[in-house]
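Read the structure below first, then the notes.
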Amino acid sequence: MPENLQLVIITGMSGAGKTVAVQSFEDMGYFCIDNLPPSLIPKFWELIKESGKVTKIALVIDLRSRTFFREIQDMLVELENTNFIDTTILFLDATDEELVSRYKETRRAHPMAMDGLVTEGIRKERAMLEEIKADAQLVIDTTDLSPRQLRERLNKELATRETHEFRVEMVSFGFKYGLPIDADIVMDVRFLPNPHYIDELRPLTGMDQPVYDYVMGFPETDEFYTKFIDLLRTVLPGYKKEGKSSVTIAIGCTGGQHRSVALTERVGAELKEEDYHVNITHRDRLKRKETVNRS
């Protein structure tokens, strides 16, 4: 039996990118099987044991059936006592609006839209997958990711898991554009003074020094920052202890241009100083400029 087997179970919303994920895992040297019923996994495992050659496995499994969900849970308990010592459930998600857009673009029927309404199919599927999403070690929101960006994200995630490195994903966002659906921790900083109402600061972002200094120049900002960092010093070790390879922290303001960007930069810098591996993404930082340019 090969040692250090890595098993990735790929699931998630229809249209969220599972096909791209499978292609990415194949490129990374994984043995991939698409839509294997959970009831056949024990037999598949026996074949893997007999071969002794496969060390990386990725399975795409349809978990819309509650029976399938129970089977996969039982299977994972069994695998905890085997050499599949690194089992990861990867859940791919996207906003309902983005999923509808993708289905319209491809003109495909949603597998759960019995009456032809894509929105109803998405609603049913999301409800059925709620449990497995909660149990997933890795949730990726593909709403704003191109296929190439999804491949890059998966490469990064898998590299982290293989080296057992704990990573913190910092994301700034604007509430007007929706919550990041893969966030583990969401913080609302709309209570802080808004640079948007200062004429010379309005066109800038939280990465520009004048905006950064403005946001950080208030006592309430210092108080919030100190308490939030203290909170993270408590919860991040807990996430790591529970076996998570990464945690996504989302900080939001109204438009995702000023306050959230500045705070995300500051919190990210502090966590780097404390030896966390940190990636920073400003999801909506330039969206206002893009809107102005299109109008």
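Even glycines carry a Cβ here, placed using N, Cα and C.
Feature annotation from Swiss-Prot assigns ATP binding site to GLY12, MET13, SER14, GLY15, ALA16, GLY17, LYS18, THR19. The Cβ of SER14 (ATP binding site) lies under 8 Å from the Cβ of LEU99, HIS110, PRO111, MET112, GLY121, ILE122, GLU125, each of these being in the same chain and 6 or more residues away along the sequence.
The GTP binding site feature in Swiss-Prot is assigned to ASP62, LEU63, ARG64, SER65; the stated evidence is sequence analysis. Mapped onto three states, the DSSP output places ASP62 (GTP binding site) in coil.
Cβ neighbour count for MET13 (ATP binding site): 24 (other Cβ atoms within 10 Å of its Cβ, all protein chains included). Within 8 Å of the centroid of the Cβ atoms of GLY12, MET13, SER14, GLY15, ALA16, GLY17, LYS18, THR19, where the record puts ATP, the same chain has further Cβ atoms from LEU92, ALA94, THR142.
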